[in-house]
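Have a look at the structure below, then the notes.
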Amino acid sequence: MSLVQKIKEVEDEMARTQKNKATSFHLGVLKAKLAKYKRELLLGPSKGAAAGAGEGFDVSKAGDARVGLIGFPSVGKSTLLTKLTGTSSEVASYEFTTLTCIPGVINYKGAKIQLLDLPGIIEGAKDGKGRGRQVIAVGRTCNLILIVLDAMKPLVHKKIIERELDGFGIRLNKQPPPITFKKKEKGGINFSHTPNVNPTQLDSETVKAICAEYKIHNADVILRGNCTVDEFIDVIEGNRIYVPCIYVLNKIDAISIEELDLLDKIPHYVPISSHLEWNLDALLDKIWEYLKLIRVYTKPKGLIPDYNEPVVIRGGEEASIETFCNHIHNSIIRQFRYALVWGSSAKHNPQRCGKDHVLADEDIVQIVKK
């Protein structure tokens with residue numbers, strides 16, 4: 001029996017099984033089997049010549065972040081790439097115009113953001129149809145995904161693309177599950193949860209059965225939140241990508257205001273017309289917000305800060321002085337003594353800080369060496 005047939009068999013059995021407390025154990029085992037078969041299906045061709053990425057797909061990462069345009073053929077991805085970056089991608093009114101991966105660069109707020117126009121996705125991509133597998137594989141390397149939808153048929157396309165990406169282990173606008181999973185040499189499967197958690201979807205028997213399906217017989221599993229069977233399987237698989245996503249509703253000039261108001265309820269969405277250049281500024285602002293980039297200006301001793309060439313790094317807890325130094329050159333941190341920081345992250349201007357200080361957008365930093 002082929003993998004595709006095995007997957008179909010498991011999916012059929014899941015469809016026949018009623019979802020209730022009595023069947024949750026059985027469904028958990030079926031979901032684990034399904035995840036295993038799908039992984040094998042996706043990884044299978046990588047051992048042979050069929051796994052070749054194809055012309056234009058081996059695009060080296062450039063700039064401060066990478067953004068991928070994913071959508072069905074002829075939804076306006078190539079036009080959007082041209083309008084945002086000035087990079088020319090062949091545009092026509094028929095499907096499958098783009099056959100390779102076209103890179104461009106957005107220069108925005110001092111940052112260089114690589115934008116990839118990927119070939120149009122088709123249903124069944126996760127199962128290897130068309131070039132969808134290659135498209136989604138590149139999507140896994142992106143810091144942000146823009147799903148471009150045609151305003152005339154947005155919800156149908158949205159559902160299909162989400163299913164294809166999910167089948168390839170890409171989780172959109174989600175955080176990694178709060179589960180600690182650690183294999184060990186002996187002691188069996190130990191399942192526990194933190195005191196503030198009352199698990200309703202995972203119990204010890206289900207966890208043990210799923211682990212047995214993966215031939216894992218010794219492990220510690222700690223729930224730090226109320227997680228689902230699917231989330232536990234994601235943790236065991238260990239190859240899931242959690243990436244922010246913006247739904248770009250293109251060709252809004254072809255629908256009425258009333259229809260646009262209805263579509264406004266879609267979360268994480270921006271309406272545009274790439275052809276008429278409507279609302280592209282709002283899209284750029286949203287891209288900047290979702291990438292969580294910050295600009296840090298360098299200040300040589302005795303000189304004014306360099307406002308023309310900011311150092312662009314990811315914001316949040318990762319945006320430490322050490323990250324800032326390593327972004328410039330990894331030798332700086334070895335000679336680091338302290339930093340003087342001006343800006344919203346400083347308690348007073350300037351503040352003397354160590355390498356663990358977390359920076360904010362548009363901070364000014366002067367490095368003092370040993």
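Just so it is clear, glycine is given a Cβ too, placed from its N, Cα and C backbone atoms.
What Swiss-Prot lists as domain 'OBG-type G' is 65-292. Within the model, the domain 'OBG-type G' (65-292) carries an average pLDDT of 88.
The feature GTP binding site is assigned by Swiss-Prot to 71-78, 117-121, 250-253, with sequence analysis given as support.
Summarising the annotation, Swiss-Prot assigns domain 'TGS' to 292-369. Taken residue by residue, the domain 'TGS' (292-369) breaks down under DSSP into 14 helix, 29 strand, 35 coil.
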* Structure fact -> Most isolated by CB count within 10 A, of the binding-site residues Leu118, Ile252, is Ile252
* Structure fact -> A correct count of other C-beta atoms within 10 Å of the C-beta of Gly71 (GTP binding site) gives 25
* Neighbouring C-beta atoms (10 Å sphere around the C-beta of Ser74 (GTP binding site)) -> 18
